[in-house]
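Working notes for the structure below.
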Amino acid sequence: MKNTVISMRNVDFDYDQKPALQQINFEIPQGAFMGLVGPNGGGKTTLIKLILGLLKPQRGSIELLGTPINKFKNWNKIGFVSQKANTFNRGFPATVEEVVSMGLTAKVGYLRFFSRNHREKIKEAVDQVGMAAYLHENIGDLSGGQQQRVFIARALVSDPELLILDEPTVGVDTEHVQKFYELLHKLNHDKNITLLLVTHDIGTMTRHATNIVCLNKTMHFHGNPDQFSSLSDAELSNYYGHALNLVSHEH
Amino acid sequence: MLANFFQYEFLQNTLYTGLLIGLIAPLLGSFIVVRRLSLIADALSHVTLAGIAFGLLIEKKFAAGIITPFYSGMGFSVIASIFIEQLRSVYKAYQELAIPIILSGGVGLSVVFISLADGFNTDLFNYLFGSVSAVSRSDLWTIIVISVIVLAVLFLFFKELFMLSFDEEHAVVSGIHAKRIHFLFILLTALVIAASIRIVGVLLVSALMTLPVAASIRLAKGFKQSIILSVIFGEISVVAGLVSGYYFEIPPGGTIVMTSIIILLAALAVKRLRINFFTRRTQQ
């Protein structure tokens, strides 16, 4: 039986006593590629923050890699590419190598320094996302798609078992979105990294994900892509709270 | 001209202090600029002025060196750095509000202390714009200690500070103690300001932390290179500023900042030339 990477049981979360998430129950097995979809304000980013330990649920329990989240210490096993990765300070004078090195900062620990092994790991991660030629370039000089790859390399450098990506393709051109999904596919299949992808790009995601959760304050759907695709327009519109046209397209 | 700086003790003190602040001010300034905290240095320097005015008042009223303006300035600066952090956590949505509050508070307190002392003479002028003759041997030793502390902390926590500067959310998610590291950083800023004031003066101290960095980030590839360049620019500004200030009998704060501005303009010109050169090559 596969190990469970994330387990949420009866999780409720309120912002100032207003319910933001209610009765969240799901498990992500190791090696899964889970797509998290739902309308804006439906609680997707809140759910990610709960998983990352940035927020604490009022009720229910969360386990990461089999450990209750309040006792979880292995944060380097969780890679995270934030929505904000697109809005970083582009004038910041940091090379690709320097940005990716940040993924090892917590693992190396306080009062310790990067070793030659760490530098090799950084090069490997950059190579893995196809950015080796840009190792010494300033990140601000790269295109949106290239920057996104660098942030994925930063998340990968600590050898995570789970990679969480919060709307990573916002602001990335269509050609790079295609390459981005190819990269995710490679990480999921070849490296057996469990993926949790928050996205609005439902059409493309359903072709790659193994599980899909649809979230709008509570879980409206949890199943595989075939089950998701067989949902009627009326059911989807009901989950989203407004009419929805699902367009599946090849980039 | 430069020979005098090796001949007389008071000029030696000034030169060594200058070389130290030419190193630590842009070094710390590199983090301050990329974290968009340039104005915090300004706010802290104005509170340092209040501390100096307090020290001068005590000196004048009690005619004794119970507390020297240098130490009272440093004390006020450190206390203000703690207040800034408190205010930033109280006004989470308006974190920049901490700056005008502390800055105006500093100037207000300075005015009160200066009035209570019925004004000061040249001492205050030296603190405002810097002086080539104001650094004593004991000041120099204090500045050496501050420099060693700043260099040690930056060296030991470099990777954490760099991560916090680039992406605070990611740093927190990774388990970095953002609040503690940030507090340490603000404390260092207060110490560097106090150390720099004798030479550059209260009103221009933040310039030495930001102008060399403003020039270096236009030219550098990467953060480490930007730090190295900013320190080189800082040292050139301090040495050229001190020597010309001494020669023309101008407070060194003014000449140091003007040298920094010239370096900044040169950096901007070099960057523009580089861009034009590469655009032309790609067009060909």
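The backbone N, Cα and C atoms fix where each Cβ goes, and this holds for glycine too.
So that you can see what the record holds, here are the features copied from TrEMBL:
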- B:15-34: transmembrane segment (TRANSMEM)
- B:39-58: transmembrane segment (TRANSMEM)
- B:64-85: transmembrane segment (TRANSMEM)
- B:97-120: transmembrane segment (TRANSMEM)
- B:140-158: transmembrane segment (TRANSMEM)
- B:179-197: transmembrane segment (TRANSMEM)
- B:203-220: transmembrane segment (TRANSMEM)
- B:227-248: transmembrane segment (TRANSMEM)
- B:254-273: transmembrane segment (TRANSMEM)
Cβ contacts under 8 Å made by the transmembrane segment (B:203-220) with residues that lie 6+ beyond its boundaries: 21-22, 25-26, 28-30, 32-34, 38-39, 41-42, 45, 48, 128-130, 189, 192-193, 196-197, 226-231, 233-234, 237-238, 253-254, 256-257, 260-261, 263-264, 266-268, 270-271
For the transmembrane segment (B:15-34): best-contacting stretch of B:97-120, B:140-158, B:179-197, B:254-273, by Cβ pairs under 8 Å: B:140-158
Other parts of the chain folded back onto the transmembrane segment (B:140-158), taken as Cβ under 8 Å at six or more residues beyond its ends: 13, 16-17, 20-21, 23-24, 27-28, 70-71, 181, 184, 188, 191-192, 194-195, 198
Residue numbers, six or more beyond the limits of the transmembrane segment (B:179-197), whose CB comes under 8 Å of its CB atoms: 17, 20-21, 24-25, 28, 31-32, 37, 40-41, 44-45, 48, 52, 70, 73-74, 77-78, 80-82, 84-85, 127, 130, 142-143, 146-147, 149-150, 153-154, 157, 160-161, 164, 205-206, 208-209
Tertiary contacts of the transmembrane segment (B:254-273) (same chain, 6+ residues out, Cβ under 8 Å): 129-130, 199-200, 204, 207-208, 211-212, 214-216, 218-219, 233-234, 236-238, 240-242, 244-245, 248
